[in-house]
Amino acid sequence: MGQVSWKGLFLSLFDYKTEKYVIAKNKKVGILYRVVQLSILAYLVGWVFVVKKGYQDTDTALQSSVITKLKGVAFTNTSELGERLWDVADYVIPPQGENVFFVMTNLIVTPNQRQTTCPESVNIPDGLCYEDEDCPAGQAVVAGNGVKTGRCLKDRDSIRGSCEVLAWCPVEKRSKPKKPLLASAENFTVFIKNSIRFPKFKFSKMNVLATNNESYLKTCHYSTEHPYCPIFLLGNIVRWAGNDFQKMALEGGVIGIQIEWNCDLDKAPSECNPHYSFSRLDNKFAEKSVSSGYNFRFAKYYRDAEGIEYRTLFKAYGIRFDVMVNGKAGKFNIIPTVINIGSGLALMGAGAFFCDLVLLYLIKKSNFYRGKKYEEVKSSSRKSLNSPTLNGNQSPDQLGGL
Amino acid sequence: MGQVSWKGLFLSLFDYKTEKYVIAKNKKVGILYRVVQLSILAYLVGWVFVVKKGYQDTDTALQSSVITKLKGVAFTNTSELGERLWDVADYVIPPQGENVFFVMTNLIVTPNQRQTTCPESVNIPDGLCYEDEDCPAGQAVVAGNGVKTGRCLKDRDSIRGSCEVLAWCPVEKRSKPKKPLLASAENFTVFIKNSIRFPKFKFSKMNVLATNNESYLKTCHYSTEHPYCPIFLLGNIVRWAGNDFQKMALEGGVIGIQIEWNCDLDKAPSECNPHYSFSRLDNKFAEKSVSSGYNFRFAKYYRDAEGIEYRTLFKAYGIRFDVMVNGKAGKFNIIPTVINIGSGLALMGAGAFFCDLVLLYLIKKSNFYRGKKYEEVKSSSRKSLNSPTLNGNQSPDQLGGL
Amino acid sequence: MGQVSWKGLFLSLFDYKTEKYVIAKNKKVGILYRVVQLSILAYLVGWVFVVKKGYQDTDTALQSSVITKLKGVAFTNTSELGERLWDVADYVIPPQGENVFFVMTNLIVTPNQRQTTCPESVNIPDGLCYEDEDCPAGQAVVAGNGVKTGRCLKDRDSIRGSCEVLAWCPVEKRSKPKKPLLASAENFTVFIKNSIRFPKFKFSKMNVLATNNESYLKTCHYSTEHPYCPIFLLGNIVRWAGNDFQKMALEGGVIGIQIEWNCDLDKAPSECNPHYSFSRLDNKFAEKSVSSGYNFRFAKYYRDAEGIEYRTLFKAYGIRFDVMVNGKAGKFNIIPTVINIGSGLALMGAGAFFCDLVLLYLIKKSNFYRGKKYEEVKSSSRKSLNSPTLNGNQSPDQLGGL
């Protein structure tokens, strides 16, 4: 292996090795293979590239900021509260205008609660009693409002009463109005400002269109005719989610407002627009069950002239809106393009393998083709001779070709 | 190239071309190849298809809505607040029942703060002074409670005092109770309602089982025996997260409640169930460091008879619970199936390539096999002759086969 | 097919079949193929393995908990509020210290609002009137503060007035201070505690370094010199987001604080550190438009000596900070390594296919090589003869090789 040999080795590096093919003049398998090839090509071009945009690099890690602002007032006249006007500061909780906001539509008010003793509500099983022994002092009422004092309070003639509790007294009554208090919340509007950013592509956009004039944004309402107006009527949102506002206002519920950004950044930025959809997130079917509706309790605390604290307890029913933003942006990139073409070609190999199976084992002359495809070589013991056995025809037992 | 030639061209389109193989009657490499094939097959079937469910299209973009509701009362008797009963409206912040909620377990109360002047707390280094010059008027105390007025307030005999500040006075004392105020919060319960939706498959579910009767949901508590009961004892949650409730109640902390939905939608919907796990999210090890615990300050504002505002400042210690929902749903789909089979076959090719290396370069008769695998062709200058050199045996320098 | 045949079949299973290659002594195509191979290898090693760390299994489903705590006081002296000191409990909304917090920097206060009747603000178009008929009783003022009572209130000599409304009176004036009230909020600091967990790798970390001494954490401020100090000056955050604090304080805005964890878990845990970046999330360009700024209304409720409720309405302008955490962790894993190598080899196949096209159709002697690569076999009708046609040279019309 002198000078010459190394040169030959180097030169042979640049010889091109290509697989040797056997042409089987079998039209059936040939057509089958073309069909398989065309299917894979159609799948690759049609599905992977056109539909799924496989030539794009995608970013789904969206940065999003949501600002919400409600507008609307409601007038109520009840025996407990008298004539009262409700504005944004009254019915929106929390007031900050984040992506989750709650609009109060119904209310059980228990005013002037003070820390003292009073009978537990008769609706709470653990608060019922027949004698003082049923109310061990210091024990909290299970699912109740206070701590038992040890006395059983009964009406004059009844044998059953309810335990006296140390609590915020009087305790809450368990009845709610038959119709929603703030029924007119249906006409409130919410302005949803959503700005997003795809960090991978350094692309930012807002759902409030820059080209719109100010007066349009002050008067428009979102609908199929105005798909890019960011102002929504609460009643419409609930209706589009498939629910009745008045029913929902009574028991409360949770509505999801999905904002979806599906952006093809190979096109103009103006073609990247939000798509809104609405759905109910709590279980509307189980209407009587514990799992439906939405309510919570909160209190406003006051002090009287002597500095003694008292509070007004609110059990607020209403609709919670969860604004959820998700999105996907795609932009041409060489790497996913190469990967998709590569995996498509690998599929071609799988197609060839499948057609080989047909050719070598399923058709009539498979024995013949097997012989042609596989060239058996056996090195004789006399290595110097260099005359390998070359059998054009194989024995029928060469199943190992798979 | 007339009529006939085009017909031939068209017909040859449907000839099937298949790679020509050389059968090397070498049992060692043959067995090696079968082992490689079987390993890849086992990997493909066992890992990719059975374990990883590679035949499924998956959706991890879960839509989730969490509603939480706490129940429980606690009775305290302290010198500052007197006898007092705490209910949900008192100790849960914020009251809305979102996925993040805070249960107050300890408290430093500073009642009746008014906007006036008073000495800064002696615990704040920047508030200490020896003379009036140490307290430049108008300068805010670093990490303190107010703005210096220019006077240094000293006790009669001491040389060191603290600056007078304009602030909400009196300022907060820096001592907290040695044991948690609301120690009985351990027995509070939280009802976690979680409804999820996989938008890709239009599949919705709740963690509250529809089949359960109402009374079960009112009495059950989550445990290994009741894995689908959505009511949790706070004490248990903290214990399962590996912590002691009483210790945590004193300094505060953050507990994560993970709800994981891992759904195989090829099975019945009833088999798609949540899995709960609990962990502590703040740093419990650095117990004395600034990075442990959880507390914040808030105030309740009042007006006295003259309309002057005053407030009660609370420094609330407690446990914040973060309910985090994640999930994955899978359903049979032809495309990932095809892709996984394709990439498995590509691996087979890699296996064959590896065995080729062994056959052609590592075994004894590799020279012979190299000659058989590679058929050297050289076009003579007399192109019409069409008699290519066909060498059954190659020179040993054909390393370029890789 | 007796005993012998089955044995042969079994033995042939362990024959190794390897593709037969034709060596084309064509240096041009040979070099082309080597270039393609090297490119793919460079892509595979350089891009996929070194840059993209394709040998790692990654986890992007980060669990994160954020605790924020503000420090700082501000002194203001206005005609409406008098001398007043603002501390954390006054200007941070909500107080809990979650990942989204709002710092109030400007304020329109409307004190002592009561439920009664008063003229609607003259700035609201729907509240303007010329006569009583313009104010139908019971109708809510669009984008206004109350419900019309039916009267049109006019100044003595003017022909245009505004409707009387039942509302929280007096209604809010629509003017805000020309300069921010809490301008000194620029010097407030926020301590951001962020603990993360990659559940797949059971790896937890905090952004507060354990090795730091306590006094460092009490005095440091985040900057390029102190990249791991978790205490931020609000003024700096706004400046790094490319904005002017005083301008932003006037109208409000939203600032995103991105914390990115990009961890290579094959290295030491101490090399996994957070990276902070800051950006403005609301639209700062459209300064005069409805889409810029951030404000909301909230109220504090009081009761007078007679128990009548009144409130102070705040329209709060300020800066909302959204702490957003995302991250990625990678750790060596055999499966993605195998997949990436496999797909790289599939690309090699694509390269060979491309070179084949050149060899067989684009170079001068392509006809000759086509003949060598494809071996035409035709089974004669006399199957027993087993003498297939073996043509070393093909007709030029075999385009079907693709």
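In case you wondered, yes, glycine gets a Cβ from its N, Cα and C as well.
Note that this is a predicted model, so its numbers are computed, not measured.
Pulled from TrEMBL:
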TRANSMEM  A:31-50  transmembrane segment
BINDING   A:LYS69, A:LEU70, A:LYS71, A:THR189, A:ASN295, A:PHE296, A:ARG297, A:LYS315  ATP binding site
DISULFID  A:CYS118-A:CYS169  disulfide bond
DISULFID  A:CYS129-A:CYS152  disulfide bond
DISULFID  A:CYS135-A:CYS163  disulfide bond
CARBOHYD  A:ASN187  N-linked glycosylation site
DISULFID  A:CYS220-A:CYS229  disulfide bond
DISULFID  A:CYS263-A:CYS272  disulfide bond
TRANSMEM  A:341-363  transmembrane segment
REGION    A:380-402  region 'Disordered'
COMPBIAS  A:382-402  compositional bias 'Polar residues'
Disulfide-bonded residues A:CYS135, A:CYS163, A:CYS169, A:CYS220: which have a Cα within 10 Å of A:CYS152 (disulfide bond)?
A:CYS135, A:CYS163
Recorded positions near chain B, Cβ-Cβ under 8 Å, from A:CYS152, A:PHE296, A:ARG297, A:LYS315:
A:PHE296, A:ARG297
List the same-chain residues at least 6 positions away in sequence whose Cβ sits under 8 Å from the Cβ of A:CYS135 (disulfide bond), in sequence order, or say none.
A:CYS129, A:LYS148, A:THR149, A:GLY150, A:ARG151, A:CYS152, A:CYS163, A:GLU164
What three-state class does DSSP give A:CYS152 (disulfide bond)?
strand
Tell me, by DSSP, whether A:ARG297 (ATP binding site) is helix, strand or coil?
strand
Largest inter-residue Cα distance among A:LYS69, A:LEU70, A:LYS71, A:THR189, A:ASN295, A:PHE296, A:ARG297, A:LYS315 [record-listed ATP binders, Å]:
25
Chain residues outside the transmembrane segment (A:341-363) and at least six past its termini with a C-beta under 8 angstroms from it:
24, 26, 28-29, 32-33, 36-37, 39-41, 43-44, 48, 369-370, 373, 399, 401-402
Separation of alpha carbons, A:CYS118 (disulfide bond) and A:THR189 (ATP binding site) (Å):
42
Write out which of the listed recorded positions, namely A:LYS69, A:LEU70, A:CYS220, A:CYS229, A:ARG297, lie with a C-beta under 8 A from a C-beta of chain C, sequence order kept, or 'none'.
A:LYS69
Closest of A:LEU70, A:ASN295, A:LYS315 to the residue listed as 'N-linked glycosylation site', Cα positions, binding-site residues only:
A:LEU70
Between A:CYS169 (disulfide bond) and A:LEU70 (ATP binding site), what C-alpha distance do you get in Å?
34
What kind of secondary structure is A:THR189 (ATP binding site) part of, going by DSSP in three states?
strand
What three-state class does DSSP give A:CYS220 (disulfide bond)?
coil
Candidate binding-site residues A:LEU70, A:LYS71, A:LYS315, pick with smallest Cα gap to A:CYS272 (disulfide bond):
A:LEU70
Between C-alpha atoms, which of these recorded positions comes nearest to A:CYS229 (disulfide bond): A:LYS69, A:CYS118, A:CYS263?
A:LYS69
